[in-house]
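Before any comments, here is the structure.
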């Protein structure tokens, strides 16, 4: 981007910020723009963007470090004002998020200034105690305490402070030396009692300290005490080591922090120091990802803050601690209504009833501050919690008898303004009518009966299709004896398009049975029956449309076999006669008209639901050879196993500290003989031979975010891993399993202890020895037969409703519901069972009544296609062109590339749908989510290295032009070519050759000379037509 365009982009962002100053994404874009290469010489603009960001939002080290650097360079540190400005900025930076880089820089700044004056630099008198030894000690201790619960990184700060203390002690003179010895000993012992990652180093430092500064007679007793402390904290760290590894792994998912937090909260005696630090780390990581505009980071950040505040409350952290965290939280996510509501309740909780006036003022200020944030006012779900919190405070003042004459009007005003705000925020408003219910109840308590009816009458005008609004309206009319008005409302609304008409119908019938005449009961039932027929017809139509839309989406994920390129010799295949079975002059068999079912089947593309049979039986035909000498070669292994059977392939692999190999035979009968080579010697070294599957694990049900590094990290502690094999996801994107192969069977046996362990809440990992005889039990090929399609669901049906119903027929593996933007059912769902037999039993639930609706249950068929699948409504492109537009060809793949691993690597760069690798060419075709995601790969400037090879990305169309007309067969649908019509009344088309050159194939049917006595198809047609 040139300077002119950069300045124009900056002006546009500043203009948008003037209109939307609370828009986080605009501020982050502003910062990134001014930190780009185009603005490297415009420090003023960059600093302005950073300062503007920190004025509105909490910032991470990617913002604060630059500001701190600029501040240190711009002020005179030898003056009190200059030093205080820098120190105050450090304090502000540390208030936002926990940042080890900021804390370390703060510590380095203090130590450098102290060292400057301690080494002879004249210290200005006006600095006073600033940077003195005692002052420095206090500041270093405060800095280190901020990260003391960070088990992995607290050592960065604490070790730096320890080293400084030891240096100070070494140069100290009596009597200060004696005091410092006691201080350092207490410091080291306190550290040994705190969980941290390098407790061994701390114990060694304490041992050295004791040797140098304590009497030899005390050494043993002191070390025993210290070792006892250290062993306890080492165990505490070991219990959390798996979580520490998970959250420290580069590119970890935020749910790793969520799992860590869950582990800490479930403890019988929670360690608040560690738990608060985990929350701080999770919040800092989520904030960093939000700044980089990662999806779902904002939601995770809000959840971490609310969980943090709840944890402090539940563990009685105290008023000061809770208030401090709330103030930081609302600066971080000012548009989070749940946080503001919790803050208001926290203030109320710590407000003495005798000082209710002061509490009301504080809460009123918080309420007004929250409602001054435009992003919050655009989200109904953020408005409602704040209004309920404020209204609850006012109502409890009335309940406790400490209210005044303004309390009730204030309460009503808060609720009415809140209702108005929800309706302005969204046309749909609050579908649960939470504020309307609260206001109506307040009016009822205050005996304002007409006002109660007025609340619901107004609600029905805004929520015209809400059964909840209408039922509350009729309930209010009935409660206050306005029966005729209630009957009129029931009759008027009966035929309206409501979200749950059955509920209102039932209410009307009950009403008439209680208050109506027999004629009125019959009239209501007749009107309801008519309305029911209309509603059922509409629902059937909607269910069909929903099913068509879903099956079209399913179709997109199915591989479609590519039709062969049609040549001139093939186009007239329908008219050709098999000379081997039909002699010359024999009448051609009549062409039968296909049935409707056959005709439809011919029109459908062939779906490859059944995979081709395996060409190789690797699992039964392979032995694993371990403990090989370093100079072992493939020829050595072939020589050793040559008498066992025909060898298909030998692979020798150099691992860390060992050499292993796999030997695959053509026939499984060769394996028993190969196993007799166990304990034989190659180059004088004894080797080990065993069946490959005995050291291989089948692993499934791990977290969705788990990748190759995660699995290796989880299993490598049990032994040396030879390989991790991942399945291709090109046929089914939801596949989640892998094979972990060790170098020895004992390692695989030890790793079985992971089976059943919860790596995340309610998800236990499955680990089995990969016995090939059980392969059928592991397959997911019959998943379609285990899945049912359920239609006709009520809008208020939940996953729990479906699971409760279908669990009576067998084990339900998954429930997937079509949901609208409000999270309510679209009327259909898919139920997947563990076994096909269970799904068959569940078909008996067809026509079952669930939430006053009769549901339809059928076997799901993803092969059903939508009539509109071939065209993209947005681009107008056909499906083939649309897929090509978002596909990328990858060249220069390393040999033996796994599709699963390649997909994992590329998913870190763009949103990948499917991957297909062509091993013979060392190439792959990548189908991305959309053309923009494909552009991310094609326009990427940094090299992408995969297993040591630098990948090349090309547009799929370019790649095909350069490499010929060959297609992958994975993403491109079969070319639709109309076959020539045959039979009576259809004239045979003359097929022209593609090239003008004469055909060289003299033996073809087209070029063979025709006998004079033979009749052609044209002659036959003329005869029938009477010509």
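Positions of Cβ are set from backbone N, Cα and C atoms, glycine also.
In TrEMBL, the annotation region 'Disordered' applies to 557-615, one of the ranges 557-615, 616-674, 675-733. With helix defined as DSSP H, G or I and strand as E or B, the domain 'RRM' (786-862) counts 19 helix, 30 strand, 28 coil. The predicted model assigns the domain 'RRM' (621-694) a mean pLDDT of 86. Per DSSP, the domain 'RRM' (621-694) is made up of 20 helix, 32 strand, 22 coil.
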